[in-house]
Amino acid sequence: MQLNSTEISDLIKQRIEQFEVVSETRNEGTIVAVSDGIIRIHGLADVMQGEMIELPGNRFAIALNLERDSVGAVVMGPYASLAEGDKVKTTGRILEVPVGNGLLGRVVNTLGEPIDGKGPIEHDGFSPVEVIAPGVIERKSVDQPVQTGYKAVDSMIPIGRGQRELIIGDRQIGKTALAIDAIINQKDSGIKCVYVAVGQKASTIANVVRKLDEHGALANTIVVVATASEAAALQYLAPYSGCSMGEYFRDRGEDSLIVYDDLSKQAVAYRQISLLLKRPPGREAYPGDVFYLHSRLLERASRVNAEYVEKFTKGEVKGRTGSLTALPIIETQAGDVSAFVPTNVISITDGQIFLETDLFNSGLRPAVNPGISVSRVGGAAQTKIIKKLSGGIRTALAQYRELAAFSQFASDLDDATRAQLEHGERVTELMKQKQYAPMSIADQSVSLFAAEKGYLKSIELAKIGDFEASLLSFMNSEHAELMKTINDTGSYNADIEGELKASLDKFVETQTW
């Protein structure tokens, strides 16, 4: 039998039309390599970036590298029992953590599991750890203050609700102490707090939790922990988990504060993961997307408008704005703020509080350098009375540091210069503050008023601290009504100024210094 070309062509067309394409998505793969917490999987055709992959023994990994013939994933926890040939499955979901009021007062790990021995957590649902930050239209400008309780910060570097304010400095100079005191100061303010500890010793974290409990702030705080001994993947993801827990309050029209302690260690953990995944290294061996690592996290801190809250809660909450304020911490090496990660985070945040080793060693606690510390948006949120009284404080300190350096070379100083130096010395001494002793708005106002109006001129430098303590004790006992008014309203007018002046005049007359 012979077929001509036309018949052959028709037959081929007919077969093509009848052919059915049968495709089967594969969601099961095989581990082909295990090393240093990284697994390489073959056979996963249906997997997305950041997806949770189910491993044997009820464990999970996260897919980070999607390559032509394999998937690189990082294991969330111990990996010693995993071996080549083990079967794994895709789950179709990304990592989620529990959120809600039930987490307040608890210590949890990166996955939101309790590690404080207080039993299971009653949560209000789950939230993905990776969430797109609110857009420009959904945001509201920062105009409400977050009081840290530190005179040096609240007067010169004010922080607003929804702001990102970096705390930067060398190791062991009070970065965590400043952040913890800020959390302690929120116990009666209604601001919910989240403290994220990344890459720290378990004993250090236990001490922080104990201090928060002692000062009555733990009931208002969620502590998220990824210790130095835990997998790099958990250290890398801990800030995102804590952020999702803080966003729960923001999206329901409440105010929240989150401390990331610290993002340097998170960047190191991410660098470790990236190098093990054989991603190309860049400056200081960090991967190319280390800026995005921090920017997508810190952009989630914001103040959102009432429409956003109403839309998110489906009309349950109306007319209320919400905020998430971030205090990221960065550790520098020998004061080098021009290193890769510090410059990245400085450019992302709305200002920085720079702590200096020399100031710390000279006895100034908190060791804030007012010259290079700045708050780019907090000024609009500053309490009126603090804003009015602190105007000359920053100038006095800046002039003092400049003149102090100059006076070392000058043998003879005129009276005006000497007066400026003496005033600067007294203001510097007044800015000293003990740890775990945050001050109220009224207490800060009285101290700043005394400095601004010249009440410290006749006080010996060594007695400034005692003078301040006695003055505040006098004001809170003899003029409690005035102090309550200042705390409640935060306003400053001629009446309040007159009362403060009369009170301080009376104190100076009755006391000998």
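Along the chain as shown, the residues are counted starting at 1.
Note that Cβ sites are derived from N, Cα and C of the backbone, with glycine treated the same way.
Now, the feature entries from Swiss-Prot:
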type    : residues                                                       : note
BINDING : GLY169, ASP170, ARG171, GLN172, ILE173, GLY174, LYS175, THR176 : ATP binding site
SITE    : SER373                                                         : site 'Required for activity'
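A map of Swiss-Prot features onto the structure.
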| residue | record | CB count, 10 Å |
| --- | --- | --- |
| GLY169 | ATP binding site | 27 |
| ASP170 | ATP binding site | 17 |
| ARG171 | ATP binding site | 11 |
| GLN172 | ATP binding site | 10 |
| ILE173 | ATP binding site | 22 |
| GLY174 | ATP binding site | 20 |
| LYS175 | ATP binding site | 25 |
| THR176 | ATP binding site | 20 |
| SER373 | site 'Required for activity' | 22 |
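The ATP site is set by GLY169, ASP170, ARG171, GLN172, ILE173, GLY174, LYS175, THR176; from the centre of their CB atoms, other residues of the chain with a CB within 8 Å are GLU331, LEU355, PHE360.
A Cα-Cα distance of 11 Å separates GLY169 (ATP binding site) from SER373 (site 'Required for activity'). For the pair ARG171 (ATP binding site) and SER373 (site 'Required for activity'), the C-alpha distance works out to 18 angstrom. Using a 10 Å Cα-Cα cut-off around SER373 (site 'Required for activity'), the binding-site residues ASP170, GLN172, ILE173, GLY174, LYS175, THR176 reduce to an empty set.
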